[in-house]
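See below for the structure under consideration.
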């Protein structure tokens, strides 16, 4: 048999396999519940009504349970997937999950950039990642990932891209090493990636973390392992004496604090804003305290403070090419050893695809949603 015919036969066999033997099992929802979103989730077994023969078939390797996923189930997130009847459901439904990493199982003959075995992530949110398998009509809706572990691949679209764009897309940095950024929530996964990306660009970072008994131990990890230039407590962040006497010595005489990254809100936000130099920029990408942003009026009038929101999902919709560029550059930083994933923040939950019952799968996801204070990631065992 010729090489061409062999490839065509293999492609046909792979498509046939995807239609007949693959068991599609997904976490779906058709309604929302702002009080207990786990009540709207169901495990659904089905064969896709369309697309499996002419589409790219993907096997899920891992997906995180992100706050945005939970907010979608609650019905309070601005970005929501369309509810459809493509999954053989009685009523229009959506598959939960925005982020994850997949392995290509099969491709139609029209696809030239992907092959079975390739690792990919979705280009956009609302992909429906909480599933054993997915189909995708267009190869342009996927980003190929090479050379990183599944933990990194499964989180690069949100945490990795957020950190990279916060550091790189808004400020013209001086490469001489006098520029600073300040951020709260310094122990968060995004903040740990921010400090590493900044260090690779010769940017200094001042990371603010909550007061705690083991402050020195945590600060040492953030500085030595994740590259923060200096870690301070929220108490120090709010002290006038610290700001006047200690901080100038930390920053140095020629320092310019050009960027403040806020994911907390409330007083913490106001206090990091005070550390900005003239014409500094505040970017807000979260609000963990659930307190409104409060800024001293004088920062706007006399220091020219600028304050903007940041939403990586909207950035990706507005400029898909920049999303692809961002992912590729973040992956390159990982491969070059300039940044590492904060894997200690991740709690792995194993989904035994071949042995777990529907009830066990639902309980696994429910536990992941309800367990707070850690990043839960579901790893599919095949």
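Each Cβ is built from the backbone N, Cα and C atoms, and glycine gets one as well.
Summarising the annotation, Swiss-Prot assigns transit peptide to 1-17 and lists sequence analysis as the type of evidence. Per Swiss-Prot, active site, proton donor is recorded for 77, and the stated evidence type is similarity to another entry. Annotation comment: Swiss-Prot describes 159, 187-190, 210-212, 285-288, 310-312, 375 as NADP(+) binding site, evidence class similarity to another entry.
Taking the features listed in Swiss-Prot, we show where each one sits on the structure.
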{"residue": "77", "record": "active site, proton donor", "contacts (Cβ under 8 Å, 6+ apart)": "68, 71"}
{"residue": "159", "record": "NADP(+) binding site", "contacts (Cβ under 8 Å, 6+ apart)": "189, 190, 193"}
{"residue": "188", "record": "NADP(+) binding site", "contacts (Cβ under 8 Å, 6+ apart)": "263"}
{"residue": "211", "record": "NADP(+) binding site", "contacts (Cβ under 8 Å, 6+ apart)": "233, 234, 235"}
{"residue": "285", "record": "NADP(+) binding site", "contacts (Cβ under 8 Å, 6+ apart)": "162, 166, 190, 261, 262, 263, 309, 310, 311, 312"}
{"residue": "287", "record": "NADP(+) binding site", "contacts (Cβ under 8 Å, 6+ apart)": "263, 264, 265, 293"}
Seminar exercise, completed: Row residue 190 (NADP(+) binding site), column other C-beta within 10 angstroms, all chains, value 23
Seminar exercise, completed: residue 312 (NADP(+) binding site) has its Cβ surrounded, within 10 angstroms, by a count of other Cβ atoms equal to 23
Exercise. For residue 310 (NADP(+) binding site), what is the tally of other C-beta atoms lying within 10 angstroms of its C-beta?
Worked result: 18
